Amino acid sequence: MAGEERPERIVVSVRLRPVNAREAERGDGSDWECAGPTTLTFRGAVPERAMFPASYSYDRVFSHECGTRQVYDEGARQVAMSVLSGINASIFAYGQTSSGKTYTMVGITEYSMSDIYDYIEKHPEREFILKFSAMEIYNEAVRDLLSSDATPLRLLDDPEKGTVVEKLTEETLRDKGHLLELLAVCEAQRQIGETAMNEASSRSHQILRMTVESSAKQFLGKGNSSTLIACVNFVDLAGSERASQTASAGMRLKEGSHINRSLLTLGKVIRQLSKGRNGHIPYRDSKLTRILQSSLGGNARTAIICTMSPAHCHIEQSRNTLLFANCAKDVVTNAQVNVVMSDKALVKHLQREIARLENELKFPASASCTSHAEILREKDELIKNLEEQLKELMEQKDTVQSQLDNFRKVASDGDINNHLARRWSRSSDSIPRIVSEGAFSSSDTQDIDYQDQTMDELSVPHSFPPSSQISDITEEHEAQRVAHRAESEPPEEHCKEVQCIETNKLRSRRSQEFFQTPEKKTHTDDQKHSESMSNSAENAIKLYACDFEPSFDLEKPETEESLALKRCVVSSRDSALTRSRSCRASFMVIPNSWFDDSASTTPSSETFRYSTRRPEKVRKSLSPDEIADKSTGNAEEDKSTCNAEEETAVNDIGCVTEVKQKTEMNHAPQSSEQHQPKIAKEVATVSLSKWHIDFERKQQEIIELWHDCNVSIVHRTYFFLLFKGDQTDSIYMEVEHRRLSFIKNSLIADGELHATTASSLRNLRHERDMLYRQMVRKLHLAEKERLYGKWGIDMSTKQRRLQLSRRIWTQTGMDHVRESAALVAKLVEHLEKGQAIREMFGLSFSFKPRRSFSWVGVYSRD
């Protein structure tokens with residue numbers, strides 16, 4: 001069992017030997033010197049374009065004046081002593097032939113063994129078991145140095161221990177003297193030969209391995225019942241050599257070639273490890289690297305001592321040694337404490353592991369939380385989300401409370417109430433009185449949008465302006481009110497849902513409830529009847545424009561003027577869209593430009609009104625037939641409908657104009673009533689022709705936006721075939737046009753057009769491939785030939801189906817669009833037409849907005 005990993009780098013040291021007698025006789029001086037404890041410098045002149053540096057830095061640099069004891073203490077002792085802590089260790093000696101590798105390793109091995117035994121003597125509380133083994137790699141054959149048998153040994157792969165040497169002798173050490181005897185045997189068994197550069201040159205790689213196993217002598221508790229086991233390797237590598245320098249031949253030449261081959265593999269492994277563990281590491285190309293695999297880049301602490309000759313004749317070999325050292329110092333190893341658990345401790349550990357796995361099986365959700373840190377992170381995210389929700393709710397509460405306080409302040413102002421009472425007292429007895437806050441029923445208050453009112457908004461003018469002036473005043477008033485709400489509301493309030501259309505039954509029921517109010521006493525005045533009629537109507541409409549729902553007290557029979565005023569108010573309520581729970585879409589402000597008439601008397605207003613409490617009810621548009629019917633049926637009572645605008649809501653100012661005209665027309669001749677149906681029909685005809693022109697223009701713009709935004713082919717086909725010009729399609733056409741325009745503009749502004757275009761083109765290619773496959777199943781041979789001729793595809797060409805699929809929906813001409821839609825609808829099972837499908841499909845086009853401040857600007861402009 002291994003403990004926690006300790007990533008660290010290989011400790012690299014460089015040792016310079018002095019110039020020997022043979023080199024001194026040739027007159028070779030020293031080209032290298034130690035500039036400091038960690039820096040080695042080249043003495044000679046370095047060319048300007050040299051491929052090698054002039055100085056090198058390592059963990060430690062030793063000059064020829066430093067002894068082996070100093071080399072061991074400062075470069076290898078810490079690594080060697082880590083074996084007593086249960087960490088594997090390896091010490092290498094690398095360099096060219098005759099550079100002093102064996103001389104260095106003999107001293108380091110003796111010093112390490114001596115320190116290990118000194119440590120054992122100082123810690124009698126623990127029991128140590130030391131085992132020793134030795135091997136050499138001669139001509140790529142592994143031999144046991146503790147055995148007289150020269151038979152090569154095989155290398156085996158163990159899943160737990162890694163690469164092991166089969167039948168390798170392992171001696172249990174009795175004492176330090178026993179160890180020295182075994183070291184002498186190894187020295188005698190090792191292959192040594194004479195060359196031109198060295199009289200006693202090592203011809204093989206020697207590996208001395210000591211395994212240290214320690215455990216407590218007394219049972220100190222269940223937590224201290226484990227055993228530490230680790231090994232330390234002392235590796236004396238054979239030196240690299242050149243045949244021209246060593247003057248080797250025959251057996252020496254063969255030995256040199258094997259040595260150089262194994263050292264070349266070692267250099268490749270070190271170089272690959274220094275770059276990271278991404279590529280293939282050729283451990284198995286040499287037996288040396290295969291045996292020392294864990295020591296080079298695995299579970300071990302490693303120290304490499306590079307020995308080199310300072311003589312000028314060995315300058316190239318010295319640079320190669322330093323290059324190897326540069327790569328070695330970048331290698332990272334993962335040293336671990338090797339712990340062997342006792343049987344009792346192992347059983348307990350396995351029991352805990354079984355309990356943990358059973359708990360994960362019982363509670364799968366807890367399996368993902370593998371640590372306390374992950375649990376805390378999840379809790380922090382949950383707390384953060386709850387805090388954000390709480391903050392939003394508090395902001396909504398404060399906004400509603402502020403609006404409610406303003407409403408109460410306005411409603412409780414005695415001067416305003418008295419002023420309104422005096423104004424209503426001048427009106428006709430037949431005009432219903434608009435009651436104050438106390439007259440609102442519980443059912444009516446559900447649809448009230450509390451608005452911030454000022455004294456100027458509640459003030460009533462003393463003169464009645466013309467209808468054109470009323471239109472201008474109302475437009476300015478609506479613009480100011482929307483701008484004020486856009487500033488006071490948070491951005492999140494703009495992202496509310498559009499309310500859908502409910503049934504006529506619900507609207508008629510609400511209109512009936514509107515008039516079912518308790519009777520109360522009204523203040524009447526018989527004088528100045530016609531003047532008070534205009535002022536009272538103006539007061540009623542101004543209060544209703546502020547989103548207060550009035551209730552009427554009827555004490556006297558209703559006159560014709562009062563009935564007209566009621567119809568005006570009820571028409572405004574009935575035309576509003578109530579909220580539906582069945583369909584939801586993202587909030588988008590739809591303009592009523594498609595329903596605008598050319599009449600200059602019709603005031604412009606917003607289709608959607610913002611509310612800090614909830615979205616305002618959307619006004620329902622009236623079709624030309626409905627306008628004609630209402631004009632025909634109510635010709636005697638409603639003579640101002642010929643100038644009414646086909647908008648999504650019945651305009652409030654239109655009601656004022658209607659009431660005023662009603663009052664004036666009471667004293668006029670009744671001969672003009674017979675012309676009303678004819679005028680209404682003319683208005684409907686003009687509006688219908690204008691609608692078709694707007695529809696064709698809007699449809700062409702949408703087709704071009706489809707082409708620019710690379711919209712799905714199936715989406716284009718469904719939309720084109722579903723919405724063919726009916727006036728009820730106006731809202732869907734406007735939503736689609738705004739959605740595409742917003743996507744195009746926002747992507748260009750954000751700088752994401754390139755990536756999004758690539759994704760859209762890829763999706764279009766997949767759709768065309770789908771159509772290409774559908775042609776085999778949906779089209780007959782004769783039909784395909786007819787389509788090829790129709791689309792201009794030569795019958796002698798290849799892949800005609802693929803050509804046809806690539807030409808669909810590639811142009812914006814209406815003829816091309818119709819043919820493409822018809823073909824796609826035939827290849828793809830088209831949805832059945834129907835009102836429900838049209839509405840649900842149209843509402844699904846709305847684009848989900850991002851909650852950012854850029855949306856506020858979009859809403860404010862609409």
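Placed from the backbone N, Cα and C atoms, the Cβ positions cover glycine too.
According to Swiss-Prot, the feature ATP binding site maps to Gly95, Gln96, Thr97, Ser98, Ser99, Gly100, Lys101, Thr102, an assignment based on sequence analysis. According to Swiss-Prot, the feature coiled coil maps to 340-415. Among the features that Swiss-Prot reports, compositional bias 'Basic and acidic residues' is placed at 475-499, 518-531, 613-629. The compositional bias 'Polar residues' feature in Swiss-Prot is assigned to 598-610. Residues or ranges marked as domain 'Kinesin motor' in Swiss-Prot: 9-331. For 475-532, 596-643, the entry in Swiss-Prot reads region 'Disordered'.
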Neighbouring CB atoms within 10 angstroms of the CB of Ser98 (ATP binding site), all protein chains considered, total 26
Looking at the binding-site residues Gly95, Gly100, the one with the fewest other Cβ atoms inside 10 Å is Gly100
Quick tally, other C-beta within 10 angstroms, Gln96, Thr97, Ser99, Thr102; top of the binding-site residues is Ser99
Thr97 (ATP binding site) falls, by three-state DSSP, under coil
Note on ATP: the CB centroid of Gly95, Gln96, Thr97, Ser98, Ser99, Gly100, Lys101, Thr102 has further same-chain residues inside 8 Å, namely Arg17, Asn198, Gly239, Thr307, Ser309
In this predicted model, the coiled coil (340-415) has a mean pLDDT of 82
Counting every protein chain shown, other Cβ atoms within 10 Å of the Cβ of Lys101 (ATP binding site) number 26
